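Trainee: Dropping a structure here in structure tokens format, bear with me for questions.
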């Protein structure tokens, strides 16, 4: 750490590199924090989590019991051991509660006064956080598996919705109506994700094994369909042509810069794609066990170098290097299957929810003080302490 500070102080290095190196160290040291509890409210499994990006303080959860909970993640007591309190709940006693399992929750990207939930009761509801009443409700013909609203859009306020119907629905929050349908899939839509780079680009994953990328301004269909074989038909059976996976494609996640798209499938594979060309990068993550019949909620780190992927895997969360494919570690602590995880980029923390009704907090280990040793290696910035190995990749990386 001292070498980083010396280089930064003398102007020999970019401050971004120091921040990314420390973020990387923190992610590599994640462990279950026994001093931080999260209020146990749900009576059944937890399907979905979302942390708002405005303050980074409030977290939503949605469960198989139809209940939605808002948590305060801040330690207001300033004590080492504390509980993230449930501030409010849309519980079974509420007349507005979802009748069946809540599959996805998402904060409105620009403030914490509104959030959106979707459910197997065939509805998507837009909630007023203060009153906990729906300001808008959209009805669909089948179970709603997922929805997503762009975090960067300025020219539209569309929510993409995936249901039992193979058509992707686009709902406009301004008009309160469904304004567009995207046709091309032949199975249920299990995951939808807007690009964090281009506000009109949308990715969708389906039980038909296909992942399609759309420009919603075009009326002529999807831009392209991801092909695991990169167009080499000699490697694919007739059924596997233009498929992203050999089973249901049930998970999507863009990297922070939007340059890459990760997909998961019930063929126990995770694949990394160039989001501009649709090319399979062929990164080998090995077997990524995936038995989910619904959408898989996984996460990618932000602000690290290199970046990491957090994937529910049985009763654990597997951590992989994004571009290396190497499994870094397994985070174990749940007593039943993990269904979702959410990365908190402000503090490099991870929250996971599972069928055991628990939300667990995975927190970086506190750094041990560096001891300056005058006899150690000298660098561009002068003498340095021994460098923590966790920094080496970030230090040698050419990325900014």
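Each Cβ is built from the backbone N, Cα and C atoms, and glycine gets one as well.
TrEMBL lists these features:
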type	residues	note
REPEAT	95-137	repeat 'WD'
REPEAT	182-217	repeat 'WD'
REPEAT	242-283	repeat 'WD'
REPEAT	331-362	repeat 'WD'
REGION	372-400	region 'Disordered'
COMPBIAS	376-386	compositional bias 'Polar residues'
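What does the local environment look like for each feature on the list?
Mentor: Beyond the ends of the repeat 'WD' (95-137), by six or more residues, the same chain brings 44, 47-55, 58, 60-68, 70, 88, 143-152, 159, 161, 163, 171, 173, 176, 294-295 to within a C-beta distance below 8 angstroms of the stretch.
Counting only same-chain residues 6+ beyond the ends of the repeat 'WD' (182-217), those with a CB under 8 A from a CB of the stretch are 142, 145-156, 158, 160-168, 170, 223-226, 240, 242-254, 256-259, 261, 263, 265, 273, 275, 278, 294-296.
Across the residues of the repeat 'WD' (242-283), the predicted structure has a mean pLDDT of 97.
Applying DSSP to the repeat 'WD' (331-362) sorts its residues as follows: 0 helix, 19 strand, 13 coil.
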Trainee: When secondary structure is assigned with DSSP, how many helix, strand and coil residues does the repeat 'WD' (182-217) contain?
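Mentor: For that range the per-state counts are 0 helix, 18 strand, 18 coil.
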Trainee: What does the DSSP secondary structure composition of the repeat 'WD' (95-137) look like, as residue counts for helix, strand and coil?
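Mentor: Its residues fall into 0 helix, 23 strand, 20 coil.
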